[in-house]
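Annotated in TrEMBL:
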TRANSMEM  B:7-23  transmembrane segment
TRANSMEM  B:29-49  transmembrane segment
TRANSMEM  B:56-76  transmembrane segment
TRANSMEM  B:82-105  transmembrane segment
TRANSMEM  B:112-137  transmembrane segment
TRANSMEM  B:157-177  transmembrane segment
TRANSMEM  B:208-227  transmembrane segment
TRANSMEM  B:247-271  transmembrane segment
TRANSMEM  B:283-308  transmembrane segment
Amino acid sequence: MGKKFIKKLFVIAFALIFTLGIILTGCGNKNNEQPSTPASQKEQTKKELAQGVTDTTVKVGTTLALTGPVAVIGTPMLHGMQAYFNYINDQGGVNGRKIELIYKDDQFNPAVTVQKTQELVEQDKVFALVGTLGTPGLLASMDYIVQKGIPDVYQGSGSSKFAIPFKKNYFPVQPNYTTEGHVLAQYAVDNLNAKNIVIIYQNDEQGTEGLNAIKEQLEKLGKSDLLKAVVPFNTTDVDFSTPVLKAKEANGDVVILLGTAKPLAGIAVKAKEIGYKPQFLASYVVSDLTMFKLAKDAWNGAIVAGWAYPIYGKTENEPKVKLFLDTIKKYFPNETPSGYHVAGWIAAQTFVEGLKRAGDNLTWDGFIKAMETFKDWNDGLAYKLTYTETDHSPQRAMYFMKAIYKNENEYTYEIITDYIEPK
Amino acid sequence: MNAKKYISWIVLILIATLIPPILNLPGSLQYLLDLSLIYAIVAIGLNLLMGYAGQISLGHGAFLAVGAYTSAYLTLTLHVPFFIALILSGLITGIVGILLGLPALKLEGNYLAIATLGFGVAVTQIFAIWTSFTGGFSGIKPLKPELFGFKFNSYLSYYYIILILTIVLVILTWNIIRTKVGRSLMAMRDSEIAAKAMGINVSYYKTLAFGLSAFYTGIAGSLYAHLLGFMTPYDYAFSIGMSLNFLAMIVIGGIGTISGSIIGAIIMTWLPQITSNLPIKSLSQIITGAIIIAVVIFYPNGIAYAGARLKDKFEKLFAKHQEKIVVKIEK
């Protein structure tokens with residue numbers, strides 16, 4: 001009897017979830033459409049507004065990985081955005097409009113990203129996409145977003161494809177791997193006086209784009225002969241003896257590391273094990289404190305690129321950094337502010353600045369025009385953003401910081417350069 | 001197949017044909033419907049291999065990749081029309097399947113599972129490096145199909161291509177399993193030694209099963225490529241995770257049934273997306289997991305058998321009543 005009862009319960013629960021889900025997905029759509037009819041009449045009498053905008057709200061959407069292995073990036077990034085939007089809403093919003101953020105979990109699966117993006121645009125009818133994450137999914141949904149023309153502010157990806165070729169509705173913010181490659185090469189030659197450069201790169205989109213850019217810049221500087229070896233590794237690798245030994249054989253004094261935190265930490269640890277001490281120069285992708293937790297003292301002395309305004313060390317008490325730290329603490333008291341929080345924060349900040357500049361002219365065109373008035377905009381945690389009518393390139397300047405590891409509880413990055421722009 | 005079953009299939013096809021335009025589904029749901037039918041084709045192929053031939057495979061994500069990239073290469077670089085590329089990707093993936101089937105002759109059970117797992121990992125890595133064929137990490141953009149000047153631009157129009165192919169492949173499967181080939185496969189599944197004793201060429205049928213299964217998956221891969229319109233070698237659909245998902249589809253739907261493959265694919269594609277709209281984060285995964293466990297506990301043969309079991313119970317109940325009535329009359 002007990003089993004039968006459970007079975008019945010299960011069947012009912014199953015049916016319930018299905019219907020509930022269908023109601024939420026399917027009919028939620030219709031509910032959204034109904035209030036828009038009187039609004040559209042109002043639009044004609046007043047000013048024309050785009051979808052997702054009313055007199056008191058602006059709806060924006062985002063897709064990120066909130067479950068699965070990439071959730072460690074997606075979750076803090078979402079919280080960074082939520083913190084800033086909450087902060088703005090607490091002050092009464094922008095021009096009387098509060099911002100409502102709708103987020104969808106895409107599990108870092110491009111097939112899902114495509115679906116969720118459409119859901120946001122067509123069913124939730126958001127005004128803009130803000131702070132989306134994950135290169136494969138973002139590239140898969142790009143054609144659709146371009147065709148729709150919906151503003152897309154900040155892509156959590158270093159691919160240069162969002163800016164090149166030019167797309168009117170895309171506003172990338174974080175520097176792409178090409179820009180970064182240029183800065184890394186220049187810094188290695190000009191500041192570190194490298195004799196033998198070795199590049200160890202992750203065999204994926206990030207690594208290969210960065211690699212090509214470094215080669216390009218070395219050629220431009222006439223220093224191609226400094227590059228002694230390029231060594232790839234795979235995202236799934238766990239043993240890094242081969243790349244480290246190859247770098248040592250090539251006598252590399254500056255080893256440029258392009259990849260994600262886990263493998264790069266593995267490389268640093270391996271190098272220390274065999275007593276090889278080159279100057280590591282790493283991508284901004286790992287400019288996060290997690291590196292110290294993974295590599296411990298092997299990371300001491302490594303130089304890492306950064307692009308977002310630093311939140312560690314001397315800058316801690318500057319007003320814009322303090323605002324960030326305090327706001328995160330207020331809304332997410334259990335979380336340590338990280339680079340991913342900063343990324344989300346910048347995404348939200350950039351969008352809100354565009355919204356402020358657009359005023360009541362909240363059509364997609366109006367918003368895009370307002371974004372194109374950005375000139376060396378430097379009020380947020382991004383550095384000197386500029387968008388023009390024909391160029392939406394993201395931030396170009398980057399700075400460098402040095403890893404300082406004292407013991408398990410004391411480690412930090414010390415900023416050692418100003419912002420550097422590639423020549 | 002009796003007339004009743006015919007009618008129920010025809011009704012099902014009619015529903016599948018008419019429902020989407022009648023409901024006028026929003027783009028995102030129509031897309032999900034397209035995707036679930038594509039996965040259904042993979043599941044039917046996998047079921048042919050696992051359910052009927054008794055061979056395990058954890059490499060179907062890789063077959064999907066082979067089909068997808070073959071189709072993309074044929075249409076983009078060699079300018080082959082979509083429908084020819086579709087068939088060719090099926091055939092080429094089928095050949096790859098036969099090649100993988102060869103080691104399967106020596107391997108069984110867990111060992112075969114590991115071998116196919118290795119294949120799955122290797123293909124992704126090879127495709128990542130083989131940039132002239134796959135475009136590497138920059139990805140490639142397969143175009144939307146075209147036939148006599150009509151462009152299948154919308155998810156709805158594309159849905160009908162997928163639906164027709166699904167129907168054709170279902171009929172094909174039906175015929176395979178009801179002829180000598182199918183019976184030989186099943187005999188092999190139940191006992192290899194007995195099958196051999198009956199004069200069945202086991203090596204031949206094992207390779208054939210792999211080839212056929214890969215053929216289905218190749219067709220699905222081509223459809224996937226042109227539905228998504230962008231892919232990189234590390235696409236989730238080509239990963240081991242997805243291969244396990246395909247396995248889950250047929251286990252949940254029903255091993256050794258065609259309808260089960262379709263049901264399983266639809267549930268495994270829709271359930272996570274439907275539950276993800278519930279307001280609590282991570283609840284989706286928990287519910288999906290719980291439902292899968294529950295299905296396995298209560299319907300160990302798969303949901304396809306749930307209907308039959310229900311009918312059985314009804315009949316039993318009815319029979320009891322009848323008995324009582326008969327007894328009463330006799331009294």
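From the backbone N, Cα and C atoms, a Cβ is placed for every residue, glycine too.
In summary, the transmembrane segment (B:208-227) lies against the transmembrane segment (B:56-76): three or more C-beta pairs, each 6 or more positions apart in sequence, are under 8 Å.
Beyond its flanks by at least six residues, the transmembrane segment (B:29-49) meets 20, 55, 57, 60, 63-64, 154-156, 158-159, 162-163, 165-166, 169-170, 173, 176-177, 185, 209-210, 212-217, 219-220, 223-224, 227, 246-247, 249-250, 253, 255-258, 260-262, 264-266, 268-270, 273 of its own chain at Cβ-Cβ distances under 8 Å.
Under the criterion of 3 or more C-beta pairs below 8 Å, with sequence separation of 6 or more, the transmembrane segment (B:157-177) and the transmembrane segment (B:7-23) qualify as touching. Long-range contacts of the transmembrane segment (B:247-271) within its own chain (CB-CB distance under 8 A, at least 6 residues past either end) are made by residues 32, 35-37, 39-40, 42-44, 46-47, 50-52, 58, 166, 170, 173-174, 287-288, 291-292, 295-296, 301-305. Nonlocal intrachain contacts for the transmembrane segment (B:112-137), taken as residues 6+ away from its ends with a CB within less than 8 angstroms of a stretch CB, comprise 55-62, 65-66, 69, 73, 100, 103-104, 232-234, 238-240, 243.
Packing against the transmembrane segment (B:56-76) from elsewhere in the chain are residues 42, 45-46, 49-50, 82, 84-86, 88-90, 92-93, 96-97, 100, 109, 112-113, 116-117, 119-120, 122-124, 127, 133-134, 140-143, 210, 213-214, 217-222, 224-226, 231, 233, 235, 237-244, 246-247: each is 6 or more residues past its ends and has a CB under 8 Å from a CB in it.
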